[in-house]
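J.: Have a look at the structure that comes next, please.
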Amino acid sequence: MKHETLSARPADTPHESAQRHVTGTADYTDDLALPQGALHAYLGLSSVAHGRILSMELSAVRAAPGVIDVLTAEDIPGRNDVSPIGAGDDPILARGEVHFHGQPVFAVIAETRDQARRAAVLARIEYEALPHALDPLAALESGGDLVVPGMTLRRGDAAAGLGAAPRRLDGRFTIGGQDHFYLEGQIALAIPNEEEMAVFTSTQHPTEVQHMVAHALDVPANAVVVNVRRMGGGFGGKETQMNLFCCVAAIAARKWNRAVKLRPDRDDDMIATGKRHDFVVDYSVGFDDSGRILAVTGDWYARCGFSADLSMAVTDRALFHADNAYFYPDVELRSYPLRTNTVSNTAFRGFGGPQGVIVAERIIEEIAYATGQDTLTVRRANLYQNGQPTPYHQPVEDMILPRIFDELESSCDYAARQQAVLDFNARMDGAGSPIRRGIAMTPVKFGISFTATHFNQAGALVHIYTDGSIQLNHGGCEMGQGLHTKIAQVVAEAFQVGLERIRVTKTTTEKVPNTSATAASSGTDLNGMAALDAANQIKARLVDFLCKAKDATPEEIRFIPDHIVVRDETIPFSQAVQMAYMARVQLSAAGFYATPKIHWNRAQGSGRPFYYFAYGAACAEVSVDTLTGEYVIERADVLHDVGRSLNPAIDIGQIEGGFVQGAGWLTSEELWWDDAGRLRTHAPSTYKIPLASDRPKVFNVALADWSVNREPTIRRSKAVGEPPFMLGISVFEAIGHAVASLADYRECPRLDAPATPERVLMAAERLRGGALGLRDR
Ligand code: MTE
Ligand code: HPA
Ligand code: MOS
């Protein structure tokens, strides 16, 4: 059996819903037609950061127009917990105590959403205030309670290495969090029938929602069906956060035997759902006069919020990426997942990785300024060489960053532009202008696989109908990243048929069970292989049947575009399918895949957590007004490794989006809680994501088209969803470079993240020696 590659270039394949997205005909959960008698739920949120509930006066809520019911923790038939790790610390509705400002305490059920929303604010809840710790440092001071045990990664003797190093630097780095700001917010629609609860929602993890709803209703998992056609963006914010909304809708739906929809408004969504973890990191680095790193120690203090959620895996991944692309000969890294009286932080693109990578880049910058070298020289000098071990004892074997650096340096004309930046700054200095430029090139090396090994599995279900049309289902969810398009391409190529023959249906727990979250960038790697497995099973049956029917050998059968060739006879694909059906051949198959080779022992801090690494580099140039702190990204050049691309157009879109989202995290996106624990940045008026006009003025994105995954992944491609996020760090370092010019590049500006205009201004002021008389808040 042979097959020839389909002639259509994958780049010609647009996103499966591209037209529907832009014409407004793509159905999101909120667009689904509601069954007759559908009700609407709205959540009532706590108004203190930590307190004991003394009394709940809900009669005004109950009496409000249109209100059918008010649910509290007492109304939950089963388990009142949505902890994804079974920690039991994540109540659906708070009972007895609240642990953060904005925690759901009750749910109003009404005839309309507007009525439910207006009624929710009529509650009078009395609390006995309890002490609260809001940020990592406050949490440390008040005893350092951890939501899950921290991790240590250790290789060699870091203390001895630091002691013996000719030079040493110590620093503290504060790294901000980030709101997901998905376009479509959290949403759940529960539709009950006599024996089942159907949930339509926008989760990245239908299987987890299925289990959470089953536990809350006290029914087995087989009585709950969870369906996801698409999300309007997830970015990790819908890996676990949808559980609570789905449970509330399902509990109300079961109680009233009517469909119930729950959709918080944007402010409540931002207040009541978890975000990227912010960290305070204390680091020490020992190095030699040439700038080579000899030893690193670091303590990562994370604001986890009030419960565990995914904080163990997130803080672990921060440590896994604390080396970024650099070899640390002696190293000891520790994480402290601290409990705070804030919303429970969760997955966000990169999943803690970015908060590790940026510390490695800070260390590089410190060394470059201390030794008076160009930052790129120091970066290059410290890159892993193949065979060198990571702090978790997995050796790096596929290092391609030297080539990526070489090609990007020449394509973006780094050397000449760097000189031009230095010249520009000298001229501006002479002319008394506050404008400065900065340029930086930073790499990323990102580990691909869920670090919890058992999540690295997937299933798929492929049906061929007798008209030759194909229905494809797999365990992954579409959130805009193009997953369904890529998996359809895989199956189309396997059968050598056009994409128009293939329909990828909504993700549903009815078709593929026991799925993992669509997360860790592994959606295509896992589900693509499962879908290929299913397609190959059906192909093998078709070949077997045709061998018998035509007295041929498997070698004499070829799949060519839209046909199957048996010796010198060319049979249209649909006709071959019809013949197979008549001969009673099964035309449906369930496929499965489990990533090979990976294993991880957390207690020992050792193993092979990642199947492979994805690489990339970006060069950003910025201009900064050092009198206002404002900046513009003048130009960004990216060269990124996606192995052999399944779909260059989609991959480039992921890289552009990741870069801009990463730059937003480190520039304008600032989360700010007041002393009472109230999130004061809970709407676009106060929380600034990048605008279209904030993107780099010149933006060149290219794929390292020579790269091939050395592991046999789906078509030798590499995961692309998260790694490019960390390329946004180049913008942060370029801003630092511009600011450093104020003190003739003698001092590392030690900017904290996000580098808001306010922070940039204060960093500039420090380097100018307080010339403007400004004081930090
Ligand atoms: N791209 C779009 N357009 N929307 C998203 O929500 N999520 C990101 C990334 N790219 C996201 C996205 C995150 S956090 C992950 S883990 C991956 O997509 C998940 O999809 P994949 O595994 O299919 O790449
Ligand atoms: N990445 C993303 N999501 C996850 C992971 C991970 O490593 N582990 C559990 N959920
Ligand atoms: Mo992505 S943070 O793994 O959903």
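Glycine is treated like the rest: Cβ placed from N, Cα and C.
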J.: Looking at the ranges 1-21, 337-357, which is given as region 'Disordered' in TrEMBL?
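T.: Among 1-21, 337-357, the range TrEMBL annotates as region 'Disordered' is 1-21.
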J.: By DSSP, what is the split of the domain 'Aldehyde oxidase/xanthine dehydrogenase a/b hammerhead' (23-131) into helix, strand and coil residues?
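T.: Going through the domain 'Aldehyde oxidase/xanthine dehydrogenase a/b hammerhead' (23-131) residue by residue, I get 20 helix, 34 strand, 55 coil.
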J.: Looking only at the domain 'Aldehyde oxidase/xanthine dehydrogenase a/b hammerhead' (23-131), what is the mean pLDDT?
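T.: Value for the domain 'Aldehyde oxidase/xanthine dehydrogenase a/b hammerhead' (23-131), mean pLDDT as a whole number: 98.
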